[in-house]
Structure formats: structure tokens, C-alpha cells
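One structure is given here, and the rest of the page talks about it.
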Amino acid sequence: MRDPLTDCSYNKVYKSLKEFAQNGDNFCKQITSVLQQRANLEISYAKGLQKLAVKLSKALQSTKKNCLSTAWAWASESMKSAADLHQKLGKAIELEAIKPTHQVLSMQEKKRKSLDNEVEKSANLVINNWNQQIKAKKKLMMSTKKHEALFHLIESSKQSMTQKEKQKLLNKLKKSTEKLEKEDESYYQKNMAGYSTRLKWESTLEKCYKSMLELEKERIQLLCNNLNQYSQHISLFGQTLTTCHTQIHCAISKVDVEKDIQALMEETAVLSLENKSELLLADYFEEDPKNPMDKERRKSLIKPKLWRLQKDIEKASRDKEGLEQKLKALASSASFSDAKSQKDAETLMDENSLKLDLLQANSYKLSTVLADLEQRPKPCHPCSNCIFKWKEKEHSHSYVKISRPLLTKRLEKAESKAPAGEQNNPSSSRPGSSVSQGNNQLCKALYTFQARQDDELNLEKGDIVTIHEKKEEGWWFGSLNGKKGHFPAAYVEELPPKAGQA
């Protein structure tokens, strides 16, 4: 069976950081082990410290080169030279470095386990809903098949049955119809619940990612503090360590915690900011032309489902308009706007957009089938290229990949470090680095696009847009009718240079 979690960008982000955290934890434990053994070997210092320096060097070979690892390399050299260190140094290391490190690592391990359990629990909800949808679908398909067989039996035997037999079969058909309606509604509700469980899982991943990132920052700061404590004690051991300590002190003075934290974030950076949510679409018995059913009956069964979807689409569209007005009000009035209200409104907008996209994809799929039955041209919709199928035994399943903004930005620079001119540049408001400058190329809108944020352009099919900059995450920056903003690259096609000159 297809795994609905594999291709999720949130999941990849979280797993990447988790692996990075595990490597950092192992490195921290190796450093702590080295310091503990050094404290135990101070009495027989000369021989024991030499062995320990070798072990520290090996530990450094298996970790990423950065400011901290470079400083610890100098610490290893100082161990080789400091053959006359005494027991007082060992006790100081034990009390001021080893004990606090053990406490921090133990606390972090418990927190990471708690975060993993929370992620696993929400992931199981997504998988369970996915499986429930498939199970409910199979049940509905079987019931529909039996219902159709009973329906055809009644239709074909009307003339040969007595009134009593006919009434008996009609009662049976009525019960079958009621059962079918209940199973259909149950399947529809499970399908609609799919997006909420998916959102909850992705939200949990985002929250746990941020928590784990804070733990990694804490671990890096701990290693830096240990180095500083180590430096202070070494400086007390007299002239015999002066030469060695000058080297290690120089290395430690160059330790830049912010640089290592930035390296951590770059190491776990997202290669692509495009996030695609996979959701199952509702498949029905009457859609498959291989299933035995009269054409008119197929149409009569598909139309109520389309009507139901259209009703939900209209409601979701009204909700979206209301949320857009709320976001505009929050943006324009600072008197009642706050970060939490803005975040809550944006979250609701994301949930509503995902629901609306799912409803429209279901509606497009059914409308295409109905158009084939009525021998009409198939409808056009941007989601047509996002709907896929896979086969499982005697059934085929439809699912849609919906592109959504990735809310977790793993590669962020401090705003205080950015020049004031950059912060006011409209093209820098959307995350992601630029792939190329547009050089004022032109492109033509293939589909209508409704802006969801203030920095986005509204597009109508056929609009000619001037491209100023192309972003690597699938969004371009350009201008239309004097207004500048972002728009999705998938909704336009570039025009050749000659067309632009014409």
C-alpha cells in the first residue's frame, strides 16, 4: 500500500534534524567520556593523558569540522603537552563540565523521546485515516455492486413476478438504498477528515522541529561553556603550560557560537521549499466504465455527488473570502492586530485553502467522468496535472498532490544582520534564494490565480506579466499593470524574446 507520509517535506525536515541531533549527541557524549577519563587518569597523568589525547583525536575525525571541533583539536594538543597536570584539575573537570553535561544530555534525551512519541502518534492518525478511507471505499463499492444487481433483477423481472413478490423485492431494494446512503456518507466524512488529520500531523512536525532545534542550540552552547571552563583551569597551572595554553586560548577565543548555530541550520537546510500534501480522492463505483452500469444511471448517481461537492465548495469559498477580509483588516489596523491573531488567521486560511483544493479536485474528477458520459468537452482546471492513480489488486485509487507553502523555514538569517534596504525590498519578503534574474522577460498566464497574501499578484488567464526575478521554490517576482508581487511559476508560460519585443 502507498505510504502517505514518505514525500512530505515536513517529515523530511524533521528526520534530517533528528539525524543531525543524534550525531551531535554522540559527539557530546564522546567529549564527556574523554573528560571523565582524563579526570580519572590525572594521578597517573603522563601516560594516561597521552592515550586520552589520541582518543579525542579519533572522536574529532568522525564529526563535522567547525569552530568547536577546531578548538577541541587544540585541546587534544594541550593534553599531549600537559604531562604534569594534577588531581585538582581532574576534580574541577568533573564538577564543572562532566556533571552539568550529563544532566543536560539526560534531560534532552527525555525531551527528544517525548517529541518522537508525539510525532509518531499524529502520524499514526494520518495512516489510520488513510486505511479507513480505503476500507470504507471497498465496502461502499461492494454494497453498490450488490445494490445494482438487485436493481437490475427487479427491472428485468417486473412482468414475471406477482405483486407480493414484487413488493418484497422493492422493500429489499429500499433497505439496500438506505444502507448504501449511510455507507456513502460515512466514506465521504472519512475522506473529508483526511485533510484535518494531515494538517495536525504537519503542525506537530513543525512544532517538534522547533523544539528540537532549541535543544541543539543548547547543546552547542554547552560545549562552548565547557571549553571556556577548561581554558580557565589550564591557565592556572603555571609556566609549564604557557606555550601550550597560548595556542589553545587563541583557538577558543575564535569560537563563534552564532557561526556554529548558522552552520547547524545550513546543514539541515531544505533543498526545496515546495511542499506537496498527498490526499486521497473519493472514488465511486459508477466512475469506472468497466463496472456494469447503465450510462443514464451512472449520470444520475454522479450528479448528486457533484451537487454536494459544489455546495461545500461554495461554503469554503465564502469562508475564504471572510478570512481574506480578516487578514486585510489585521494588516491595515494595528490597534487590534497582534502576532497571535495574525498567525491564527493565516493557519485558518491554510486549512481552508487545503480543504477547498481537495473539494475542487474531487469535483474536477467527477466532472470529467460526467463530461465523458454526456459527450461534452472535458473541463479545464490547474489540478488536472496533480491527480494520480495507483492500482491495488482489483481496485484503483486516486490521489491528488496539492502544492502548499512550507510554513517551517529552516534556513533563516537574523533580521538584525540584514541591511535596512534589503528588509524593505518586496522581492525579499518571500523565503528562498533567487535562481536567476528575469531580465524583464515576459510570460503569459495560463490559469486564473487568486492572491492569498498582500505580496502576491492576481492573475487572469491571458495576462502578460513582466518577470523581474525567478525564485527556486517555484515562485517568481514580477509586475502587472503597475503592481509588483509574487506569483506561482506553474500558472504561467514564458514568452520567447521576439514575442516580448513585438
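For all residues, glycine too, the Cβ spot is worked out from N, Cα and C.
Per-residue pLDDT, averaged along the domain 'F-BAR' (1-260), amounts to 84 for this model. Here Swiss-Prot flags 1-260 as domain 'F-BAR', drawing on sequence analysis.
All protein chains shown were included, and the count of other CB atoms within 10 Å of the CB of SER114 (phosphoserine) stands at 12. In this structure, SER114 (phosphoserine) is part of a helix by DSSP. Here Swiss-Prot flags SER114 (among others) as phosphoserine.
Positions annotated as domain 'REM-1' by Swiss-Prot, on the basis of sequence analysis: 292-372.
What Swiss-Prot lists as region 'Disordered' is 413-437.
According to Swiss-Prot, the feature compositional bias 'Low complexity' maps to 423-437.
According to Swiss-Prot, the feature domain 'SH3' maps to 438-497, an assignment based on sequence analysis.
The 10 Å shell around the Cβ of SER479 (phosphoserine) contains 15 further Cβ atoms across the protein chains shown. In the three-state DSSP classification, SER479 (phosphoserine) falls within a strand. What Swiss-Prot lists as phosphoserine is SER479 (among others), and the listing cites similarity to another entry.
Helix, strand and coil content of the domain 'SH3' (438-497), in residues and according to DSSP, is 4 helix, 34 strand, 22 coil.
Comparing SER114 (phosphoserine) with SER479 (phosphoserine), their Cα atoms are 48 Å apart once rounded.
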